[in-house]
Each structure stands twice: as structure tokens, then as C-alpha cells.
Amino acid sequence: MNPSTSINNDVSEITADTGGASSSTNGAPMDERFIGRGHQINEPQSHSEVRLIDKRLLKAAIFGYLSELKHMVSNDPNVLLGITPQGSTCLHISLIFGHEEFSLTVLTQNESLLSRVNSYGETPLIVAVKSGHIFLVTTLLEKYKEQKLTKMILNSDINGDTALHHAIRHGHTGIALMLIEAEPNLSQRINKYNESPMYIAVMRGFDDVFKRLLETDNFSHKGAYDDNALHAAVRNKNLGIMRTIMESRPELARERNISGHMAIQYAVNRNQAVVIKIMLQHDLSLGYLVDSSHDENPFLISAASRGNVDVAREILKNCPDAPYCNGAEIVRALLHHPEIDVRIYDSEGKPAFWQLIEAKDSAKYLNWNEVFMLMSKSDPEATPFYISQLAMRRITVNAKQSISLRELTKTYTNNTSLVAILIATVTFAAAFTLPGGYSNDSGTEGLPVMARKVAFKAFLIFDTLAMCSSLAVAFMCLMARGEDLNFLLYYLSVTKKLTWFAYMSTTMAFATGLYTVVAPQYLWLAILICTLSIGFPFLTYLLGKWPLLKLNYRWDPAIKSNDLLDMV
């Protein structure tokens with residue numbers, strides 16, 4: 001049998017998985033890479049077209065058997081020209097596993113293998129770089145120079161990645177510096193995903209590689225999705241690299257990616273005030289630009305709308321006259337600057353407070369109330385007037401709001417009725433499984449054992465209250481089908497209070513029932529159970545109302561906040 005056609009399964013599996021481009025650095029479509037790579041793999045060719053590698057030579061290349069190599073070459077020097085089904089020579093395989101003597105011997109016997117590429121487009125240099133073997137990379141670079149094959153150093157694989165791309169992506173910074181020194185033009189190459197070596201270096205945070213690339217001529221700074229090196233530096237918050245780019249290539253700050261974002265927009269979105277400070281120190285005009293991807297909003301508006309107060313404050317500190325919109329979303333950021341007079345009127349003669357009143361539909365949100373609270377502190381004299389104006393605007397409820405309220409009422413009714421029925425079921429069952437059980441003694445047969453205890457009587461009272469109130473809620477849910485808006489509001493208020501009362505009565509029934517049974521033996525445990533059961537409803541109420549309570553606490557005592565917070 002021909003040895004070239006009987007490769008062992010374990011050997012073929014190793015060689016089939018050793019080639020191929022590595023995954024992208026920053027979010028370029030990895031799945032697409034693997035799919036693309038799969039399409040590039042050549043099918044095994046017939047024996048008449050290509051010579052398959054001898055299985056003994058393949059095994060020798062995998063394990064570094066030098067004596068086996070020399071023996072086979074002495075019998076047939078052309079044995080080195082055989083390739084795997086994926087186009088890799090024995091040199092490719094040996095470099096993958098880092099066998100130095102084996103690789104040097106192969107090169108000595110046949111230097112033409114230096115220019116051979118496999119089905120993934122990988123030269124021996126790329127394979128050695130991916131494996132991270134510095135000595136072998138150095139040797140190959142010397143061989144390329146000796147054979148005047150320096151152009152092979154610039155070769156890229158099927159994904160457009162050069163040896164430098166792979167060195168940086170795999171974290172081999174020493175090899176990357178060596179490649180740049182040997183062939184500076186590598187800094188100009190970009191792969192099929194538009195990634196330059198500099199972009200990958202910045203994404204990986206390799207400052208030394210970045211600085212060396214910066215010293216080359218005509219280096220490329222491009223990145224995936226039309227990002228550039230400055231986008232990558234801002235995204236990773238690499239302040240050192242960012243300063244260097246702003247000093248040497250400030251024009252990168254104005255380049256937009258495929259989404260229309262400049263690098264400063266990344267800093268605005270991520271609330272990176274330090275990054276904004278550095279960028280504005282080098283180019284003050286950046287603070288006056290707009291975000292073209294979001295309705296031409298200035299960066300000041302973008303920061304305020306995301307609640308990034310630190311960024312908004314930094315922009316105003318460096319660009320006090322930065323552009324802003326007439327909307328209310330900037331108010332929250334501006335109010336953190338005590339030097340700003342909130343009573344100044346706009347071009348239409350309206351104060352900032354009036355803008356907030358006109359946004360009355362947002363009054364049911366906590367953010368709106370917080371802005372109103374900050375405004376009231378800044379202009380306490382005008383606050384009562386604006387509260388009255390807001391109250392007048394609440395009198396009229398349009399049809400759209402009524403429909404929305406009815407939809408919410410329907411959802412509330414379904415949920416409330418379910419809770420009420422659950423409480424009623426539990427309390428009804430508890431009434432017939434009394435704590436302590438029933439007496440079997442003559443004269444008191446069938447009566448509750450704990451009937452004379454006060455805690456037991458309290459249990460019966462609370463259990464009855466819980467069941468009756470929950471049944472009342474369930475019955476009222478059946479009645480909540482009216483069209484009158486005032487009735488629906490009344491219904492919501494009453495059922496909410498009754499459900500809460502049923503909840504408290506249920507926990508009290510639970511506490512008194514256990515107290516009746518446990519107290520005679522373990523009084524401390526019974527007291528602890530009662531304390532936890534009684535305190536739990538209040539803790540629930542506190543947690544549920546905490547955002548409103550906290551905001552109410554921050555209100556000026558001289559200003560009534562109930563009318564505003566009731567809308568939330």
C-alpha cells in the first residue's frame with residue numbers, strides 16, 4: 001500500500017486542526033471568520049496532482065524525530081515536498097510544535113519550502129509567529145533575507161492577517177517588535193476586517209508595540225467597523241496611548257466609524273470624564289461638535305440624557321458656551337453647577353422651569369421629580385407658582401390617558417384578584433387546622449386545645465380579618481368593569497389598602513398561631529417569630545417605597561411635595 005495514502009487517524013486529526021486564522025480581536029464577526037475559513041479549505045487532491053506527505057515524515061514532524069527525518073531524506077530528498085490534505089509541508093508541522101533542530105534540518109535540505117503556503121494562506125513565518133517560537137522566527141527572518149525573499153515577510157493569510165497581526169493578537173510582543181524592525185512596511189497592512197496592526201496593539205494594550213509602530217512611515221491606524229486607534233484607546237481607557245495619539249495624530253479625533261461615532265462619543269457614553277478632559281485639553285473644539293448618529297445632538301445633550309453628570313460637567317468646564325438643546329434633558333446636568341442662574345430666559349422668553357412644566361407627561365417618573373426638586377432649590381421663590389401651574393394642567397385628562405389607565409387597571413385587577421384568592425385560601429385552610437389541634441378529653445371533646453389562651457384568640461381574630469378582607473378584594477375585582485374614571489381611581493385606592501390589610505393580618509395570624517404552640521417551651525423563640533412576622537410587612541413597605549421616601553426626604557420642607565410624588 002502506498003504510505004502516502006495511509007495516514008493514521010490521530011496524525012491527520014492533528015494536522016487538520018493546526019492551520020487557520022485566529023479569531024478577531026475586538027468584535028469583528030468571529031462566526032464569519034470560521035465560516036470563511038471553512039470555505040477556503042481545499043479538498044484533498046488526487047495523487048496525480050499533488051504528492052501527499054509520507055505518514056512517517058508527518059509523524060516525525062509532529063514529534064521532532066530528527067533521525068527519522070535524515071533517514072528518509074537520504075533515501076529520497078523529494079520526500080520533503082509532500083503536503084497534508086490542507087497543504088501544509090513538514091516544515092509547517094514542525095514549526096507548529098516548535099522543533100528547532102528538525103526545522104533547521106528541513107531548511108538546510110530544501111530552502112524552497114520557505115515560500116510554500118498552506119490552504120489557509122499561511123507561510124512558515126506566520127506559523128512560527130502564531131506558535132510564539134522566537135528562535136524559529138529569527139531564523140526564518142534571516143533565511144528570507146539570505147534568499148532575497150523579504151517580500152514573503154509581507155505575505156498575509158486568507159483573512160488578510162500578516163505575521164505582525166498574528167504576533168500582536170497572540171500577545172507575542174517581542175516577536176512583534178522583531179517583525180517591525182525587520183520589515184517596517186508591515187505597519188501599513190490591514191486585514192479583510194479592516195484591522196491594522198496598530199489598532200490590534202491598542203486594543204490589546206501593548207504600549208511598546210504601539211510606540212514602535214508610531215515610529216514607522218505611513219503606518220495604518222484603521223480598525224474594525226471603521227474605528228481607528230483612538231477609538232480603541234478611548235474604549236479601553238488607555239490614557240497614555242490616547243495622549244500620544246492626540247499629540248501626534250489629532251485628526252483621528254474627528255474621524256467617524258461606521259455608526260457615525262467619533263472617539264469622544266465613546267467617552268461620553270461611558271461617562272469617562274478623565275478621557276474627555278484629556279481630549280479637550282488637546283482639542284477644545286471637540287466639545288462643540290454634535291453626535292450625528294443621534295439627531296445631531298451636541299455631546300453635552302448626549303451626556304445629560306444618559307445621566308453622565310461628570311462628563312457634562314467636564315464639557316462645561318472647558319467649553320462653557322457649548323451648544324445645547326431647548327429640551328429638559330440637559331437640566332439635570334446643569335443644575336449641578338451652582339454658578340448657573342436657572343432664572344435666565346430663553347429666546348422665547350421662557351425660563352428653564354417652564355420647560356419642565358411643559359414636560360408634565362414625565363411627572364410620573366422619579367427622574368422628573370428629582371429635576372423638579374433640584375430646580376426648586378435653585379429658585380425657591382418661583383416654586384409655589386410652578387407647582388400651582390402643574391396642578392392646573394393635571395385637571396384635564398385626555399382620552400388617550402384614560403384608555404391607558406383602563407388598560408393598567410385591567411392588569412392590576414388580574415394580579416390583585418390572584419393574590420387575594422391565594423390569601424383567602426390560606427387563611428380559610430388555617431381556620432380548620434388550628435394550632436395545637438383538638439381535644440379528645442371527655443367534656444371538652446372536639447374543642448381546640450389552646451382555646452383558653454389569649455394568643456390563640458388573637459390568631460382567630462387575625463385569621464378572620466385576613467380572610468374577609470381578601471374575599472372583599474376578590475369580589476371588588478369583579479366589579480371593576482366600569483368606564484367612569486373616578487370610579488376606577490377609587491377602586492384602585494380601596495383594593496390597594498384592603499390587600500395590604502389582608503397581608504398584614506395574615507402575617508399576624510401566622511405569628512400568633514406559632515406563639516400559641518411554641519411559647520410554653522421556648523418563649524424566646526416565640527418572641528423572635530412574632531417580632532420578625534410583625535416587622536416584615538413594614539420592611540416590605542419601606543423597600544417598596546424607598547425611592548419615593550428618599551426623594552421626599554430631599555425636598556425642601558417649605559415645599560409640599562405630596563402632589564408631585566403621588567403622580568409617580
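Backbone N, Cα and C define each Cβ position, glycine as well.
All annotation found in TrEMBL is predicted automatically rather than curated by experts.
Quick look at what TrEMBL annotates:
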COMPBIAS  1-12  compositional bias 'Polar residues'
DOMAIN    409-517  domain 'PGG'
REGION    1-32  region 'Disordered'
REPEAT    159-191  repeat 'ANK'
TRANSMEM  418-438  transmembrane segment
TRANSMEM  458-479  transmembrane segment
TRANSMEM  500-518  transmembrane segment
TRANSMEM  524-544  transmembrane segment
## Note on the structure
Per the Cβ filter (under 8 Å) with a sequence gap of at least 6 from its ends, the repeat 'ANK' (159-191) is approached by 21-22, 25, 33, 36-37, 121, 123, 125-126, 129-130, 132, 134, 137-138, 141, 145, 150, 153, 197-198, 200-201, 204, 206, 208-209, 212-213, 216-220, 222
### Query
Which sequence positions outside the transmembrane segment (418-438), separated from its termini by at least 6 residues, show Cβ-Cβ distances below 8 Å to it?
446-450, 456, 459-460, 463-464, 466-467, 470-471, 473-474, 477, 499, 502-503, 505-506, 509, 513-514, 516-517
### Task
For the domain 'PGG' (409-517), jot down how many residues DSSP puts in helix, in strand and in coil.
82 helix, 2 strand, 25 coil
## Note on the structure
Beyond a gap of at least 6 residues from its ends, the CB atoms lying under 8 Å from the transmembrane segment (524-544) belong to 500, 503-504, 507-508, 510-512, 514-515, 518
### Query
What counts of helix, strand and coil residues does DSSP assign across the repeat 'ANK' (159-191)?
22 helix, 1 strand, 10 coil
### Message
If you average per-residue pLDDT over the domain 'PGG' (409-517), what number do you get?
### Response
81
